[in-house]
Structure formats: C-alpha cells, structure tokens
Amino acid sequence: MSPSFHNNVHIGYHTPSNTQGVYASSAYHPLGVDNSFDLETFLNELHLSMVKNTEEEIILELVGIDAPLINALRRILIAEVPTMAIEYVLISDNTSVIHDEILAHRLGLIPIRADPESFQEYHKGEEPQPDNTIVLKLCLECKQNPQARPGAEPEELYINSNVYSKDLVWQPLGNQLERFGENGIRPVLDDILIAKLRPNQRIELEARCIKGIGKEHAKWSPVATAYYAMLPQVELLQEIRDEEARRLVQKCPMKVFDLEDIAKRQSCADDDDLSDNDNNSVVIAKVVEPCRCTMCRECIREEGWDKKIRLSKVRDHFFFSIEGTGAIPTDQLFPRALKVLRDKCDMLLSFLESIR
Amino acid sequence: MWSSADVAQDPQEEDLKNILFQGENQEQLRKPIKSIADKWLLVPAFLKLRGLVKQHIESFNFLIEKELAKIVAANEKVTCDADQTFYLRYLGIRVGTPAIEEDLVVSKVTPQECRLRDLTYAAPIYVDVRYTRGKEVLIRKDVVIGRIPIMLRSSHCILTGKNDQQLASLGECPLDPGGYFIIRGTERVILIQEQLSKNRIIIEEDKKGNYCATVTSSTHERKSRTSLVYKSDKIYLRHNSLTEDIPIWIVFKALEVESDQEIVQLIGSEPIFAQALLPCIEDCISRNIQTRWQALEYIGSKVRLYRKGYSFLRRSVVEEAQEVLAGVVLSHIPTFQHNFRNKSIYLAFMVRRLLTVAENLTIVDDKDYYGNKRLELAGQLLSLLFEDLFKKFNADLKRHADMVLSKPNRAAQFDIVKCMRPDTISVGLENAIGTGNWTVKRFRMHRAGITQVLSRLSYIAALGMMTRVTSQFEKTRKISGPRSLQGSQWGLLCPSDTPEGESCGLVKNLALTAHVTTDAEEEPLIRLCYILGVEDATLFSGDELNHPLHYRIFLNGKLLGIHRSAFYFANIFRLLRRKGAVGEFVSIFVNETENVVYLSCDSGRICRPLIIVENGQPKVTPQHIEALERNQLQFSDLVQQGLVEYLDVNEENNALIALSEEDIDPSKTTHLEISPLAILGVCAGVIPYPHHNQSPRNTYQCAMGKQAIGYIGYNQHLRTDTLLYLLSYAQKPLVSTKTISFIKYDELPGGQNAIVAVMSYSGYDIEDALILNQSSLDRGYGRCCVVRKHAVGLRRYPNGTCDRVCRPPSLSEGSERSNHKFACLEEDGLPRVGARISPGQAYLYKETPMDTMTTMTSQQSIQQVGYRAQPWMYKGPDDAVIDRVVVTCNPSSHALFKVMIRETRTPEIGDKFSSRHGQKGVCGLIVPQEDMPFNEQGICPDIIMNPHGFPSRMTVGKLLELMAAKSGVLSGELKDGTAFGGDPLEDCASMLVQHGFSYTGKDILYSGMTGEPLQAYVFMGPIYYQKLKHMVKDKMHARARGPRAVLTRQPTEGRSRDGGLRLGEMERDCLIGYGASMLIMERLMHSSDAFIAHVCRQCGLIVSKDWCPTCASALYIRPLKIPYACKLLFQELQSMNIWPRIMLEEWNSS
C-alpha cells in the first residue's frame, strides 16, 4: 500500500500542512463517496506488529488506524488504566528532614508491582480489607557506624543513611499471602531513594495502597508516558548528485541518506569509501533509512532545498511507544487499555440501548 | 610576597616564579598580546578574598578595631565642675565576644540562639579607666560601658574562621553571607547610604541660577556648609552661621590678607580673573573696609547668635567673627593659633574655581557624578551613633559627679565606676539598629529607615539586600538627575537592579566586584607626599600658587601643598602603591583642567579591581590564572605584586581601560577590565543572556528574583522566621551563569526547570497566563511549604501572678466539640509535632489569671487565683501541620513559645510564576497530561506559554535560554548564559541538530485531544521558572455577611478582617452616570449601614423613637431609613453646635 500524497502530513520547513484528517462520514458525500467508518475494511487494513518489547518500553507499529483512535488508546493508557499506588500514609515517627507530607508524596509516586485486577476499589472511610488495600511498612533508624573510617562518605559513616524503596515491607492482609505468594507485592524498583537520614533520625510508617486511575493522580498512571509518532517519509524530488549529495549525507544527523555511485552502481557506506573512489564517478543521494528521520528539517533548512526533498508523515501508520512504570507488566498494558476502551464502548452502547 | 615558597621545587613553578618576579624579561613583554582566556577567574578569587558583603564587614571591623579607640581618645576625660581634682580618663577600649547576661551569669551566645530566643547578638564594650576616688588615683580594667550589637561574620563574631562543619553545628548556614545584626531575634541590615562627598568643592547653580561653589565641611565635631555665591558680578560668602552674605573681599581681609593685590594674586592674576574681581574690590571699597579689624567688625555684626546658654561668656564682635572664621566656616581646614593662611589659600582656590565656571572656562560640576559620592556603611553610621552615645554617657557621668560631689558631706566615698550605667549605650545602639531611626544630636541628624529587616524570602533576596545602596534624596520629588544611570557608575553599581516606582534609581545595588573603602591613616601619606616633592602651600605667594605648571595637591579635600611636576609625582605615587608602600585603596587623580592632584584615602569611596597594563601587555598572564585555579595564588598576592590594582571613580579618569585584550592600544591603555560580567550585581547576575534582553526586563527580574520561592539556607528547617516559603524540589538552573556559581545560587536555587512549549492553548492563556500540566504538579512541580510562626509569650503581672500553659480541660471529659477544638494539644497544653491542625483548632492552651491587680499576701493565695482560659486558635485558610514547637525564654526570663505551623501547597489556578527574564504570569488553567500536546519523543510540556508574551517584551534572552537548555539537556551538561558571553546560539542549535532536533528549536507536536499533529511547529524546551510568593490562597477573599466596624456600622475593610468589597467613588460615579439609582441605594445603604432614624417633622432633628425633647411632643416623629454614617455625621455636627435639620413632607401617594 503506497500512501498517496494527499493522505500525508506535509512537513514544510516553516510550517506543517495538511495535518488534519477527514473523519466525518459525510465529508465526501457530494462526491458520492462514503467516508463512514467501516469495521470490515478497518480490520482488513489494520496491521499490528511489535517493534520493541522490553521491561520498560514496548513499541508497536500500527498501520491502517486513524489518529483519533490511537490517541484514545494513548489517553486511556495515561489516565484510565487502574494500578495500585500508595494513597494513605500513617506516620508514627518521622524525625528526618523531609516533612511528613513530602515524604507521603514521595512514597505515593513509587510504582508498586501488584495486579490491580485482583483488587476492588476502596471507598473513602472504609475499613481496609484484604481485597482493596495493600499495606506496606517502613521502619528505619539511622545509626553511627562504629567501623567506619573517619571522614568517609555518609553512606559508610552511618547505617541506614539512605532510605530506599526496598525498605518498604509488604504486610499481607488476610489471605493476601496465599493469593499473591511470597514477595508477590513489592515496589517495582528497589533503589528509589525516599529519604536521607542522619544518626538518631527515624522513620516509621505504614503505607496503604489502593486502586486508582491516572486521571485522579499521576501516581496511578501505569505508564511514564505513552505516545506515538507517524511514519516519516522522505522523498527526493529531483536527483541530487556529487557535492550536493555529499553535503546532504553529511547534513542529516540521523543518517537517513546515503550515496550511490551511479557510474559503478555501487553503494558506499560512508565518506572513507568515498575518497577512494576516483573522481570521475558520479554519486547521487539516496534515501536509505526513512524510518530514522526525526523530522528535524535540517536537510531542507537551506534555501531551495525544500524543492528537492519532500518530508512528510504517513497519516495512518504509527509507532506507538508505551513506557511502563512497571506497576503493570509492560506487555499487558496495551491489552488492558483496549479492554478499558471496550468497556467504555459497551457502556455507551448500553446507554444508547437504554434511551432507545 | 610569593607566599608558597616551600612548594617552589616544581620546575613549572620556577617558571612561574620568574614571571611573577618580573624577570624584567623584555622579550616576554614584546610578545603579541594574547588573550587571557579565563581572566574572569579573578572575579571568584576576588570574591573569595573579600566575600559578597565585604564592604559591610570591613567597615564594621574598622569601627571595632580602630574607630572606637579614636572616639574614646577624642573624648577621653570626664571632669567635674564641683571638684577640680576629680577626673576620669579612659585609657583603652576593647570589644569582647558576643555574650548575654542572664541572672548574673554571663554566657556566650550563638547567632542561632539569638534568633530562636529573640535576643540581641551583642558583645560587651570594655574600657580601662584611671580615675580619682577621694584622694586616691585608681586604675580599673575591663569596665563594661555597654553592649554593641555585633555584625555576623565580623572579626568579633564567633562565626568567623569556622569551617562549614563547625558552622553547621552552630545551626548556621555556611553560605549565609553575614553582614547583618540580630536585634531582639530579628535580622536587620544597615543599608549602605549614598551621600555627596564631604570636604570637596562642588560648583553648582543655585535656585536663582547663580553659580556657587559649595563645600560641606565635616569633622568629628561639626558639619557645616560653606558656599561662595557669584551674584550680580560679585562674589559673596554664604554660611548658616552668618545672617547675610558677606562680600568675599571682606572675608579675605578678615583672613589677614589685607592687600588687594595679594588677594588677586591668590585667586589668579590672569586678566580674565582680575577683571572679574573688580566689582568685588569696588564693593569692598564702597563699604569703606580696608583693614582686617574693620572686616572682622563687619563680619562680627553679621554672626547669627543662637548660643543662649553662654550669655555670661559674651565675647566682643571681633572675637565672635574670628571664632566663626576659625572654627565654623570651612571647618575642615584647620587653623592653628589664628593663622588663617591655609584658609585664605583654600578660599582663593574656591573663588578661582567659581570664576572659571562663571567665565565659561569650564562647566559646573555634575553632582550625580559618582566620584562626588561617598557611601556610608554600617561602621561609619554606628560610629556616629556611638560617639553621640558615648558623649551622652560621659555627660551623664559628669552630671552625676557634679551632683554628688557638690554635696557638702557624703556618707561614702564617691566611686564613679559604680555609677557607670551600661544601659545608655546598649539601649541606644540596640534601639537605633532595631528601629532604623538614627538620631545624632551633634549634627542634628534624624534619619529613619537606615536599617531594614533582612528579607529571607529567598537566598537571592537576602544577598540582594546586603548590596543595596539607598540615597538620601527625597523619593517624592520628580527629579531625573539622581535617578538616571550615570556613566561613572560603570562597574560599580548594577545597571539593572533598581526598584520600579518612586524609589527608582535612588535605590541601587553594588556590582559584583565593587569595593567600598574604609578610612586609612593620613599621616604617613602626608609625610610621603612631602618626601616626593610636595611643598607647603603657605610658603608660596599667590602668583606661584597659580603658576600654570604648578599643581595643587589635595589630600581628602585639604590642601597639602603644591608640586612642580604633577605627572611625575602621580606616577611615582602609583608605582609606590603597586609596590605596596601605600595602601592599596589610596587613590590619586590628576585633574588637568584645574591643575590639581587629588589624593584620597577617606572612607566610602567605591572602587574596583582592574588588571594593570604596561607597554600594551596585561600584567596578569595565563600562568597567574592557572596558579589561581590551583590555589597557589590568592587575589591579594596579585594586588601585592602590582598586577591588579583598585581604582576609584576619580582615578578612572586618569586611566584608559580596555574592555578586552583586543582593545589594548599599546601606547595609551593603562588597565584592562577583569570581566564585563562584573558590571552586573548579584540579582542581575542570575539572568541568563541578559545582554539580549530589553533592559527593563532585566530590571523586572531583579525585583522578581527576590520574590521567588526556593531554598533560603542550609539551616532553613531550624529557622523561626514569621513566614517562610520553601520550595520542595528546587533545582539548579540548566542554563547557569558564572555569577550563579560565584554566589552559590546553584546550591540554594529558587526555581525549577520546566519544559515550556510556546504556543497558545485554550483561551485560558491570554494576558500572560500559563497553562500547567496536572501530572507535573502531581509529580511535585511547584510544590512548596509555607511555614508560619505563631509566637506566644507568657506575661507576669504586677501582683505576682502570671500566665500559664497547661493541660486543656476537655482532654478527658467535655463535649465532643471541645475535644475537637483541642485535638492537636498534648497534656502540657502544647501541640503535638506532626499533628494536623484545622482552622478553629487550638495550637496552644494558655490561661491568664482572673485577677491581676490585687496583691497577694501569701504563697497560698497565689495558688487560689482563678484562671481564665485563653486558647490560641489557628486561623489559617486550610488544614496545616504542626512543624515545630520551640519552648524557650527571653532575657527577662518570660517563657516564650514559638509554634511553627506548616502548610504544603501545590500550584493552583492563580498562582504566580515567572521566568528569569521579567516575564511573569499567573496559572490560568491546569490541564491533565493526556490533553497536553506531546512531541515525537513523548515529551509533553510542564508549562504552556502564550507566544504573545514575546514580541512586545523583546526578551530574546529567554529564547536563547530555551535553546541552550534544550541542547544542554540533550548533551547532558549545564550551559552557560553569562552576560556578554555565554554559549553561542549557533553551538546550541547545532547541538540540537546532532540529536535529531530542529535547528530552530521547534518540534512537531501532536495534539493531546485530537491526536493529530498541530498545525505549527512549536518552540519547546526547558526554561528555568520561579514560583513567586504571591499565591491566591493568601489573597482570595469574598464575603456575603460579616463583621462591621463599631463606629460607623459599615462593613470592615481588608481581607484580614473579613471585610467587604468596597464600591468606591468611581464605581459610584458609573452607577450615577448610568442612572441606576436603586442600585446605588442598595449598595450604599441597604447592603451597608441602613439604620432607622426617627426624625421630628417639626424641628427636623434626629430624636428618640417616642419623644422629641425640643418640641416636647411625640406627635411629629417619623421613622426614616438613612445610612448610619449619615446619622453619625449629623450627631457629630450637633456636638459642634451645627444643627442639621431634616425637613420632611407628608408623602402624598396621589
């Protein structure tokens, strides 16, 4: 499927154009074209593949989907997929330099690895129950280290000078231990610094995690961020050869272009090979890695170059990145977002049903 | 001079030594001028040596170490009229270490203890005295005559010489600059006062347009102002102690210059002068005054007499005139045994200068020229005050001695030391600094606002206050001269840092490397001058004095003599200064138009260090800079070796200072600037790329940086200020400046780096409003703590009873409501640290005795006293947390409780933010992250700023900051935006390109709401934003019903009293114009102070409801609804015998 020019977002040097798609079903009605959303064609044209899958980030490639739809998924990921996060902190002792409120705020932002599906929503004023609350405890006191060399770093001079997220200890409520197993619930990362202590300073607190969504507070967002970028497209409108071509290759920081010797029909990897070539050869620039293009517009910065190179973005081809916090395994994030979306659709349908 | 001789084995250092010792290596000097890449490093070296508030501390040290002794020496003897044999003589004076006496126990105090306990950080002043007791002569040492508040970090402060760890253990912030006083727990700064210099001739135009030469003479005893006025072609002497202007010729005759020829010669026998003097001579002759005696008689008759007390010492008219001429007129020129030669020469010179202006040879002096200004610092101001108090102290002693010794028979021998009351001096100094009211009786000086409370809003605010210079000009007058920036202020005063509004240009700030001098000894200088060929002026005749090749030599405004080759003298003098033979702050200035050499070693001159250039070569070389960096060399070494010297404003006129090495002209240039960044002060130094901004924007930022919330010191959690604003996660700016690192703003920053997108969003960003990202706020952006002090003292009453803090009654029993009221309190009546407190809850439970008047007879009855509950309620807008409770007592041993209550705030709509470029704005909308635009890296902005903020403000520096910060973030380094330097835009932009961003700094952004790319590229990147102290929570206010003032029954005024919102005159005018009469009626009466008054229809007076005493009838009384204030006015008028009558008519409905 080669995307037509009209379907692309044009990237000019000073301003982008044709940024908005046309989604209204009646948009082309006078032309006799039905623009309404058709599930079947959508399913036929939709392609989904995974570009990257690590603990922290997943990149999906989606083709044949509109910006509004993929944006809905992005918004849901940020704001509406529930997770567990610390909401209530009962502080019994805090003699550190960090104020209670700030300490509680810091604790809240620590991602907790726990499956929110296994928990109910907690309502304010309720007694904490095993099915809606996770309790974590933190109890630490800083002491002078008798073995420390004088003048050493504070980490050596004192014991427990740094309070890390690993010091949060899960206190299973009710049958939680059976349900989640030993070490089933814990902070995602062990080395998040919560506070610093000095001898005789002490923190003792109980933190309660409840289920929530990112709309309420960013701490419940399962992603650090979720975003997408449209597929970049780089086209050479005319042949760029010799010195200009070399300049172009050098200009592009992302190495989108490369040189091709049309005399020998032999592509050269980089400048070193180039110098070996005899001067008679004719080189032309060629787009080799359009996907790398970040649309920095460096290649069309100089006067007149926008006549030679056309940069554009393919409107229905996305790279969708999900950077998870780890509260929910990253590979589960996209399905969960879809589920939230489906639930919302169901709700809308049933609502429409009810008013009919 | 070369201090680290012990490490000189290193061959590299041998090299260095050669250069330092000036191997007179001509070859080296002939090399082309290389630029000294890092010569700006001299600035931190200078600051290390002198500190940021060096001027205050040095001035105070000078007072303590030198000036006090001088003052005591000048007033060393106390005698007694009653007993001629009695005397008390001060032998010496010393200041101890800061201490406090409590219950007769003297203990040392630390500044932090003083802050916490509301004490004064002061040290005792000890004197040694010799005095007579009866027939004995005794010597007593270490007698305390008072306590003097000690400036922090001065030589007598316990903090000097302590390292960071010791300072921390004393509860002190190592970065705190010192230079202020602690008076009864509050930190107060003595602001630098700017004045016209004393003892200098200034030619100006007076109000009538006459030229006059004015000298303000100032000595320890007297301040007086002498002017010569040139009016109707004649010259007169004008002085306060003379009832009218005296023709100058008569004055000369009175000053023992009787021959007209001699007078003309003294002034100058050039035809132009002689011609101009003719009317003066004629005037004198017409008054028939030829001899000195006649002249003195004439002057004596014009002397103003206001010494009433000395009527018995009545002197003759001639004596009176002599006295005035000797001691009052031009009092800074000393006269010995009525030898007036010095004075007549000086006066002649004044006439000469006046005539040069009158004859259009030169122009009048510029009063705003900074060489004519002197800065008065804490030391000088305190010395004025101390001398006055010391005189009063001695006068008290004398009066006491007179009183006791005049009595014929006394019970015990009179011991004056026992009568020394230290309170005079202690209280005098403490009150003056504590209130800022300076009263010096000798000079009849009353000045208010000399001291101010040190602002601890942010670190910058405190530093900025220490460098502030205020001037004595009236703020209300619309004068532009003293307010405008003067060319001579270059490098000395910050061109940006001045407030807006009435004190614009009158309040200034010192530049980074400015230094204010302290007094230096005159004696050695005078001796040196005579050695260098200065000849005593009194030995010369008038013609010789005015010889065009002879230069008069003035030292601090006093004529020393003349020199035959002034330039040779000046050069030798400068050479000696560079060799260290003369004090480094002594200045010499050759004035070629006046044929005068001015030497100055007085205090209050403002000067700055410059690199010396000789033969086109700057004497500081890259090797020196390296040595500085390696700490092998100090700034003082450079001064001692004559590589760097201090120039004051006047001497700058004899120098040609190159801005950079390229500007050096080998034949002319004498000096080289250290760094152009040093022309800015502390506050302006924080701005990145200020040289790209429109100048008022930098001025606005200077004012706003002081309101930014941030870290105020490493000891901020120990402080008990009335109001503390603390940012939770302050960051050092991504685009830093050199000044920022000098002043350590990067350690105690006042803002956060926010990702800013310059675009429009919604409609809530008009008029500079900002859009904030909800998730950024959730993650801690702009979060701050507001800590407020609630101090409660316990009083002791005359009858022996006192207040008490105790267990609230309802902790166990009592209603639920009162339990809630005291929920934060513990058993002892004090709040629990960490407890959450809501408005209406008590933070302290205090009880006062019911009866405070009747004296109790026995111990038992004191216990029987009933107590009345007096709980202290928290009246905040919102829930807060008890932060700390300080329980202590003040010096009069009254218990003192300080409850610090803390509130944590996240930014909300209406909170004020600003960048470092004078661009402030309030938050207009908080948008959830998913609605925010994002770029292809997934970055979404913390702040969206409307682009309309740029074109009219022209803050290009902000654009540059964004570019630099963005490239810095991508390359992982801090960028430099120092004034007149900084990382160039091209570098930053190409760095962006390297990382795949646009050269322009503009990104493709996707709309968070539609998901499609925005129709424009958006300029996005990090900008350092400050959260300002103005937050809606402290300001928002509305009321429907509420309290009313007792007198007028109108709603109260102001937010603090829950007042109403006033419909003022202008609003009323609008309503009148519109014709909405019923609305006016509603707003001004019904909703305000409606009152049913009863008016008697017959007499028209306001009467009671059922009886008119005037008409003795109740028949005609009618109710009338009028504003209470109106009724009050009528009654007040009645009390003044004005009878306003309200005439009523029967209302006829038809």
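Count begins at 1; order follows the chain as displayed.
Quick reminder: no glycine exception, Cβ is built from N, Cα and C everywhere.
TrEMBL annotations: computationally assigned, not manually curated.
Taken from TrEMBL, the feature domain 'RNA polymerase beta subunit protrusion' applies to B:51-425.
Restricting the average to the domain 'RNA polymerase Rpb2' (B:198-376) gives a pLDDT of 81. If you look up TrEMBL, you'll see B:198-376 (among others) marked as domain 'RNA polymerase Rpb2'.
For the domain 'RNA polymerase Rpb2' (B:452-516), the DSSP-based tally of helix, strand and coil residues reads 14 helix, 14 strand, 37 coil. Positions annotated as domain 'RNA polymerase Rpb2' by TrEMBL: B:452-516 (among others).
The feature domain 'RNA polymerase Rpb2' is assigned by TrEMBL to B:553-614 (among others).
Counting residues 6+ beyond its ends, the domain 'RNA polymerase Rpb2' (B:635-671) has Cβ neighbours under 8 Å at 1-3, 20, 33-36, 42, 45-46, 48-50, 369-371, 373, 488, 492, 515, 517, 570, 574, 577-580, 584-585, 587-591, 598, 600, 605-613, 615-616, 618-620, 624, 628 in the same chain. Feature annotation from TrEMBL assigns domain 'RNA polymerase Rpb2' to B:635-671 (among others).
What TrEMBL lists as domain 'DNA-directed RNA polymerase subunit 2 hybrid-binding' is B:683-1057.
The domain 'RNA polymerase Rpb2' annotation in TrEMBL covers B:1059-1144 (among others).
Assigned with DSSP, the residues of the domain 'RNA polymerase Rpb2' (B:635-671) fall into helix, strand and coil as follows: 13 helix, 8 strand, 16 coil. It is B:683-1057 that, among the stretches B:51-425, B:553-614, B:683-1057, B:1059-1144, forms the most Cβ pairs under 8 Å with the domain 'RNA polymerase Rpb2' (B:452-516). Applying DSSP to the domain 'RNA polymerase Rpb2' (B:553-614) sorts its residues as follows: 13 helix, 28 strand, 21 coil.
Segment contact holds for the domain 'RNA polymerase Rpb2' (B:553-614) and the domain 'RNA polymerase beta subunit protrusion' (B:51-425), given three or more CB pairs below 8 angstroms at sequence separation of 6 or more.
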